[in-house]
Amino acid sequence: MTRDIDRENYAELYGPTTGDKVRLGDTELFAKVEEDLRTHGDEAVFGGGKTLRDGLGMAPGVTQAEGALDWVLTNATIIDPILGIVAADIGIRNGEIAGIGKAGNPDTMDGVDMVVGPSTDVYPAEGKIATAGGLDIHIHFNSAQLHEHALSGGITTMLGGGYGGGATTCTTGPENVKRFLQAAEAWPVNVGFYGKGNASDPGPLREQVEAGVCGLKLHEDWGSTPETINTCLEVAEDEDVQVCMHTDTLNEAGFLENTFGAVDGRTMHLFHIEGAGGGHAPDIMEMVGEPNMLPSSTNPSMPYTDNTFDEHLDMVMVCHHLNPDVPEDVAFAESRVRAETIAAEDVLHDMGAISMMTSDSQAMGRIAEVIPRTWQTASKMKSQRGPLPEDEGTGADNHRIKRYIAKYTVNPAISAGIEEHVGTLEPGKLADICLWDPAFFGVKPAMTFKGGFPVHSEMGEANGSLMTCEPILQRERAGAVGKAKHAISLSFVSPAAAEAGIDEEYGLDSRVVPIEGARTPGKDDMVYNSYCPDDIEVDPETFEVRVDGEHVTCEPSSELPLAQRYLL
């Protein structure tokens, strides 16, 4: 027996299907489902009178050891830079994504490729958007509570360093690296720490790599000279770790051309490429045209608004220990904050020329705002620039959506050498998954799975009669406590440190995983964000940015989506 139902009714019951569109929060962005991997009429649904019962959608004779899923997220709308925008069930086994497709009982349902058994738990994802957990790979680990805010904002992987004067994203020296890896045992997230890359002698750099850093960070506050840049890159090439750089704002040791010569074509992740966060003034942004440079933005300058310029001056003064009574310190701050390059930054993101978004947490940026700032920028660019050429005539924004979600998922993973484990919902990767109510997409995840287990979600009062009793807040789930947090989290370290067995030496319970291939990515590998302008110039007097001769700019916004409707 078959029954026909209209699209609206189907979407209410099982979520959208092929051709349906979903608005992302209160943005101007609409995602259109490109493919539905479920079998219509045989949907997997949990609850009283629903299909996932013994002998119906649940196969009673299949154990976990025989292949039954540990978890199934039913009828999700997936937004992923690699998989696309699809409707499907998501299967989880042993902490990893087991499959994207149709889950259920193959004896009673058609098209089943993932078995639901008595050992399978269910998260009803009908009407929810599923994305890979976000990555923030520019974190100042100043606060031990950062992970709480990261999870509340959809971030499940945190790479960076601390303390470095609180300003430099460096964990300096082997003893401090050891202590941070031990401290991270308390956090139910994936972590990795950058060592100080500023040394003209390779010895101190190698000892940090051997101690367990996942990369090296060059920062102007420690002296980003051509000599330290070259030495750092030589060590990184030998040890297969990434180098992240904050260049010389004051141009004391050389200009952009000198830094470019010191890099000499080797791969490097350039932080806050626009320059307000630091870097050769005023032309660091010209590096987005280099094929070996992997550029990222930090979220305080994204998107450009009426308040951006004024806010940055105060933040620079505080972050870099500058004195407002010293004219040279004020001049330093003012040289970094340029409305013209900030305005160009939004457009370069929309063109796919800037590949990644990060926070610069507690050193001008906000860790919980990586994802909302990304989508605010995407929505602003649609409003000001119109549909991308690839989206013309589709009635949706799929290409733009994939471009922007890649900025905080797959591209940071590729840059850091950890894409084998995180960054997409492809089978075989760690099951770090955020589920979003479409109305709250990009701001407040409804549920976050970490390593295949619930770690954080919207949750009511624990003494309430139901989970929905107010106040509903972002709260820890079982995966965040006890020994579970070790089982669901990875600590990313250098290949040398993993081979040396630092997990046993340091007494670590979380899984220690070596990064791999951090020296090979180029701009061409940045998914949906690989555009390398042939010619990009920053005018040294007006700071206007020109790409292939055309002035690139946008208007500041006075109002944004995903803002005061959602957050006090």
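Cβ atoms are placed via backbone N, Cα and C, with glycine included.
Here the structure is a predicted model, which means the values were calculated and not measured.
Cross-referencing Asp4, Asp350, Asp360 with the Ni(2+) 1 binding residues that Swiss-Prot gives (His138, His140, Lys217) picks out Asp360. Of all the Cβ atoms in the protein chains shown, 30 others lie within 10 Å of the Cβ of Lys217 (Ni(2+) 1 binding site). Using CA atoms as reference points, the recorded positions His140, His246, His272, His320, Asp360 were checked against His219 (substrate binding site), and the closest is His246. Taking Cβ-Cβ distances under 8 Å and a sequence separation of 6 or more, the neighbours of His138 (Ni(2+) 1 binding site) in its chain are Leu159, Gly160, Thr169, Cys244, Phe271, His272, Ser296, Thr298, Thr358, Ser359, Asp360, Ser361, Gly365. Between the CA atoms of Lys217 (Ni(2+) 1 binding site) and His246 (Ni(2+) 2 binding site) there is a gap of 8 Å. Of the listed recorded positions, namely His140, His219, His246, His272, His320, the sparsest Cβ surroundings within 10 Å are found at His320. Under the three-state DSSP scheme, Lys217 (Ni(2+) 1 binding site) falls in the strand class. A straight line from the CA of His320 (active site, proton donor) to the CA of His140 (Ni(2+) 1 binding site) spans 13 Å.
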